[in-house]
Amino acid sequence: MVDAFFQIAVLLFSLFLGARLGGLGVGYAGGLGVLILCLFLGLNPGKIPFDVILIIMAVISAISAMQKAGGLDYLVKIAEKILRKHPKQINYLAPSVAYCLTILAGTGHTVFSLIPVIVEVSQSQNIKPKAPLSLAVVSSQVAITASPVSAAVVFMSGILEPLGANYLTLLMVWIPTTFLACMLTAFIMGFTDLKLDSDPHYLERLKAGKISPPKIKEEKETSKNAKLSLWIFIGGVVAIVFYASAISKNIAFVSPVVLGRDHAIVSFMLSVATLIVLFCKINANEIAHSSVFKSGMQACVCVLGVAWLGDTFVSNHIDEIKRYASFLIADYPFLLAVALFLASMLLYSQAATSKALIPSVITALGISANHTEHLYIIVASFASVSALFVLPTYPTLLGAIAMDNTGTTKMGRYVFDHAFLIPGVLVVSLSVALGFVVAPLVL
């Protein structure tokens, strides 16, 4: 009992230290936690999540090549046009566009490019930017749990398919439930006071001359290579979805399966990157300097540290976890969503949270190919690994706060009372609630 107390203390200390350090520090602190748990507290090291890391590396490599060719800028340009064309619907369009960009790219960092546009359009419509900004940021986080090319979705589909839930079926649950949750949250937020000219902080900044008029962005002509790189990437994503469905046991168009799902995604994405470099005539040596590549490799280190730390602790206490979880979650299914929500707050990654906890939950609930009665609980609760918005230290949250010159998107005096908490909790709660309705019908 005393040993377990110290082990939990080390686990929590490592997670809080990582959150405090931020960036690569999240992964570094995870490695420190593994070192202490194994060398000083007698635990056996868990499994290093090589599969998730390799998928992130491959997808990020392809997106980075597309960014270098101008394809990512072209994609954002399309999104900007949609937002500017329908400014009055900014509260619905901002999360919709952010969601779609994340679904396609497999990373929520694409929302960075939308933040200045959202602020400008909101200002022009006398709407507090904090509403569409918070909705967009949160939507980009929950969309990770529905993106065909995100590491979290690929991991989940890989571990759930042997249990009878194929890739396409899972997407049929996760995409509509998460998107509808984003739209319902936007509708609910519409009942709050959204008038910008009623915000005293904004009026104070306006009077002090701290708010500059929106800058007109110079329209740049999109090159043919930029458009081509985007279409190559989209083609790769579609090919992955079709191939992953074709090799599933329920469809079985491809038999025998020579290239498994994880290997297929890595090889497809690297092939996409190769085609972009060849046909879009970009310098492959410069790809590593792109912002997407740097943030993606940072994500790899974070997943390495925190997922390894989580698996080290969980794998050494699997019997106790099975004993308590088997009856608690079976009797109170929503507790899994709560546990995943709390874990992702600290692990700071949808993929790392899934990798650290889901295998143990499957074992604890006794789910197998012959016993799938509790499978819907895991599928329905998956969206709750998106609680990266709770601590206001995530890059997209900080970016939204920094770029909102109206001052309506605030950090909060007591850490948790920031602009993203209520929309985030609503989106995740509604996603899970809808999941519990849809998952039993589809599976």
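The first residue you see is number 1, and the count goes up from there.
A Cβ is built for glycine as well, from the same backbone N, Cα and C atoms used for every other residue.
Beyond its flanks by at least six residues, the transmembrane segment (21-41) meets 3, 6-7, 10-11, 13-15, 298, 301-309, 312-313, 348, 393 of its own chain at Cβ-Cβ distances under 8 Å. Residues annotated as transmembrane segment in Swiss-Prot, with sequence analysis given as evidence: 21-41 (among others).
Long-range contacts of the transmembrane segment (46-66) within its own chain (CB-CB distance under 8 A, at least 6 residues past either end) are made by residues 34, 72, 105-107, 149-151, 154-155, 158, 229-230, 232-233, 236, 262, 265-267, 269-270, 272-273, 276-277, 280, 282, 284, 287-288, 290, 292-293, 295-297, 299-300, 303-304, 307-316, 351-352, 355. Among the features that Swiss-Prot reports, transmembrane segment is placed at 46-66 (among others).
If you look at the transmembrane segment (99-119), the same-chain residues 6 or more away from its ends with a CB under 8 A from one of its CBs are 59-60, 63, 72-73, 75-76, 79-80, 83-84, 90, 129, 132-133, 136-137, 139-144, 146-151, 175, 178-179, 182, 214, 234, 237, 291-292, 295-296, 395-396, 399-400, 403-406. Taken from Swiss-Prot, the feature transmembrane segment covers 99-119 (among others), and the record attributes it to sequence analysis.
Here Swiss-Prot flags 142-162 (among others) as transmembrane segment.
Taken from Swiss-Prot, the feature transmembrane segment applies to 171-191 (among others).
Per Swiss-Prot, transmembrane segment is recorded for 228-248 (among others).
Away from its own ends, the transmembrane segment (264-284) comes close to residues 54-55, 58-59, 61-62, 64-66, 68-69, 71, 149, 154, 225-226, 228-229, 232-233, 235-236, 239-240, 243-244, 247 of its chain (Cβ-Cβ under 8 Å, at least six residues beyond either end). The feature transmembrane segment is assigned by Swiss-Prot to 264-284 (among others).
Residues or ranges marked as transmembrane segment in Swiss-Prot (evidence: sequence analysis): 295-315 (among others).
For the transmembrane segment (327-347), the residues of the chain that approach it from at least six positions outside its boundaries are 12, 15-16, 18-19, 306-307, 310, 353, 356-357, 361, 364-365, 374, 377-378, 380-382, 384-388, 390-391, 428, 432, 436, judged by C-beta separation under 8 angstroms. According to Swiss-Prot, the feature transmembrane segment maps to 327-347 (among others).
Summarising the annotation, Swiss-Prot assigns transmembrane segment to 375-395 (among others). Under 8 Å from some Cβ of the transmembrane segment (375-395) lie the Cβ atoms of residues 19, 22, 109, 112, 137-138, 141-142, 144-145, 152, 156, 160, 163-165, 170, 173-174, 177-178, 181, 295, 329, 333-334, 336-338, 340-345, 348-350, 353-354, 358, 361-362, 365, 367, 401, 411-412, 415-416, 418, 420-421, 424, 427-428, 431-432, 435-436, 438-440, 443, all in the same chain and six or more residues away from its ends.
What Swiss-Prot records for 419-439 (among others) is transmembrane segment, and it gives sequence analysis as the kind of evidence.
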Counting only residues at least 6 beyond its ends, the same-chain positions whose CB falls under 8 A of a CB in the transmembrane segment (419-439) are 130-131, 133-135, 137-139, 141-142, 145, 173-174, 176-178, 180-182, 184-185, 188-189, 333-334, 337, 341, 376, 379-384, 386-387, 389-390, 392, 397, 400-401, 408-410, 412
